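Worksheet: the structure to be examined is printed underneath.
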Amino acid sequence: MFHQVWAALLSLYGLLFNSMNQCPEHSQLTALGMDDTETPEPHLGLWYFIAGAASTTEELATFDPVDNIVFNMAAGSAPRQLQLRATIRTKSGVCVPRKWTYRLTEGKGNMELRTEGRPDMKTDLFSSSCPGGIMLKETGQGYQRFLLYNRSPHPPEKCVEEFQSLTSCLDFKAFLVTPRNQEACPLSSK
């Protein structure tokens, strides 16, 4: 009798614990797909880097000196090519321009980007529950991180909280939010 009561109490405790510690299902991480007839048009234009998550702080260290980053995604000169230009505003106020070329590759129905000149780097795009938001999962040599971008430089705080909650459930415990205290640097046209 004692064992049955004890088992019932443990089961009740387990149910209560699980109901309070709910992580979203992995299926809530929705990959953005694109087939050969579609264009990446919904993803073109300006994006602001908001936050990042990784397993370790070292995987986010590249963003430590950053105040804000603004990106412009444009169609490339070749099919299935994207041009990404960015301007990084460091915490010390310096503007650092960057540019990358991405190739859209076949990735099991999801939109997978490969960075030219970086064969080890893969980027997957995921939808975000945040209006105007998108999540990227970057995988490279020795790192894996999720990055949150938004069309607005200052999305609702709830967006950042949901991103942190989701990535924490995926065991990405290191978290970084860009301060975005300074004005974004102008994007160069080159």
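Cβ coordinates are placed from backbone N, Cα and C, and glycine is handled just like the others.
Annotated in Swiss-Prot:
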DISULFID  Cys23-Cys169  disulfide bond
DISULFID  Cys95-Cys185  disulfide bond
DISULFID  Cys130-Cys159  disulfide bond
BINDING   Glu138, Arg145  tetradecanoate binding site
Integer Å distance between the CA atoms belonging to Cys169 (disulfide bond) and Glu138 (tetradecanoate binding site): 17
Rounded Cα-Cα span from Cys169 (disulfide bond) to Cys130 (disulfide bond), Å: 17
Cα-Cα distance linking Cys95 (disulfide bond) and Arg145 (tetradecanoate binding site), given in Å to the nearest integer: 24
Cys95 (disulfide bond) versus Cys169 (disulfide bond) - Cα distance in angstrom: 34
Inter-residue Cα distance where the pair is Cys159 (disulfide bond) and Cys185 (disulfide bond), in Å: 24
Nonlocal neighbours by CB distance (under 8 Å) for Cys159 (disulfide bond), same chain, sequence gap 6 or more: Ile50, Ser128, Ser129, Cys130, Pro131, Gly133, Leu148, Asn150
Three-state secondary structure, which DSSP defines for Cys185 (disulfide bond): coil
Cys95 (disulfide bond) - helix vs strand vs coil (DSSP): strand
Among Cys95, Cys185, which are disulfide-bonded residues, the residue with the most C-beta atoms within 10 angstroms of its C-beta: Cys185
Lowest local Cβ density (other Cβ within 10 Å) among disulfide-bonded residues: Cys130, Cys169: Cys169
